[in-house]
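A.B. asks: As listed in Swiss-Prot for this protein:
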{"type": "TRANSMEM", "residues": "4-23", "note": "transmembrane segment"}
{"type": "TRANSMEM", "residues": "44-66", "note": "transmembrane segment"}
{"type": "TRANSMEM", "residues": "76-98", "note": "transmembrane segment"}
{"type": "TRANSMEM", "residues": "111-128", "note": "transmembrane segment"}
{"type": "TRANSMEM", "residues": "132-154", "note": "transmembrane segment"}
{"type": "TRANSMEM", "residues": "166-188", "note": "transmembrane segment"}
{"type": "TRANSMEM", "residues": "198-215", "note": "transmembrane segment"}
Amino acid sequence: MLLIYGIFAFVVLVFFYLLGKETGGEMEEEYRLREYLEVLKNRNVVILSVIAFIGVGIFTAYLTWVEPVLEEHGLTVETAGLTATAFLLGGIFGSIIIPALSDRAGKRKPFLYLCFIISAVLFYIHAIAFGMAMVAAVLFVLGFFFISALPLALDLSATSVGEQFAGTANSSLWLFSQVGSVVLIVLFESMASWNSTLLLSAGLLAVSFLLALQLKE
């Protein structure tokens, strides 16, 4: 069903583009396209866009299917939703603390490495953890490191191209992240078991770590 919604939204977007263009706006659209293509020549932006595809895709897909995932780990429908809040709560703290530490150090890459590798390990631990207390503890720490990677990626993307193109660079990350969300939501649902989605997430975050090694700061 989500795939159908995604296709429908894409068709609507195409019709809007073809029929809803303002008069005299062709030169402006051409300029924006050239600007976007110019930004995509930046290696950091391309790598971070792929990382956003993976990271935000995992985040959205996990929260979409969190109840059946946690039910496989001994939680009821009622406790699954409550336990999942630990993931978001950890993310709130992480998104404040990790970027602040990064600012103090004047570095982004080491903290991205840390976030990705710890998140990959914690998704694996999540796959073998059972019981409300254990799962909640894992989710809190996972959210702390996993969610805090996004503000670091956005900042590194913006600084890689300069203030003039910062908005365009970050829009690329958001575009790829939305595509990743649709793709991974559908992929998670099609997998053999919900537990296998956690192992897939761990593997994809390991790939993100390897991609982050190619970033320049």
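These residue numbers are counts, starting from 1, taken along the chain as shown.
From the backbone N, Cα and C atoms, a Cβ is placed for every residue, glycine too.
Note that the structure is a prediction, hence the values are computed from the model and not measured.
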A.B. asks: Among the recorded stretches 44-66, 111-128, 198-215, which has the greatest number of Cβ pairs closer than 8 Å to the transmembrane segment (76-98)?
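C.D. replies: The stretch with the most close Cβ contacts to the transmembrane segment (76-98) is 44-66.
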A.B. asks: Using a Cβ cut-off of under 8 Å, list the residues of the same chain at least 6 residues beyond the transmembrane segment (166-188) that approach it.
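C.D. replies: Hits for the transmembrane segment (166-188): 2-3, 6, 35-36, 39-40, 42, 45, 48-50, 52-62, 64-65, 153-154, 157-160, 194, 197, 200.
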A.B. asks: Counting only residues 6+ away from its ends, which parts of the chain sit with a Cβ under 8 Å from the transmembrane segment (44-66)?
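C.D. replies: Cβ under 8 Å, 6 or more out: 80-81, 84, 87, 146-147, 149-150, 153, 156-157, 160-161, 169, 172-181, 183-185, 187-189, 194, 197, 201, 204-205, 207-208, 211-212, 214-216.
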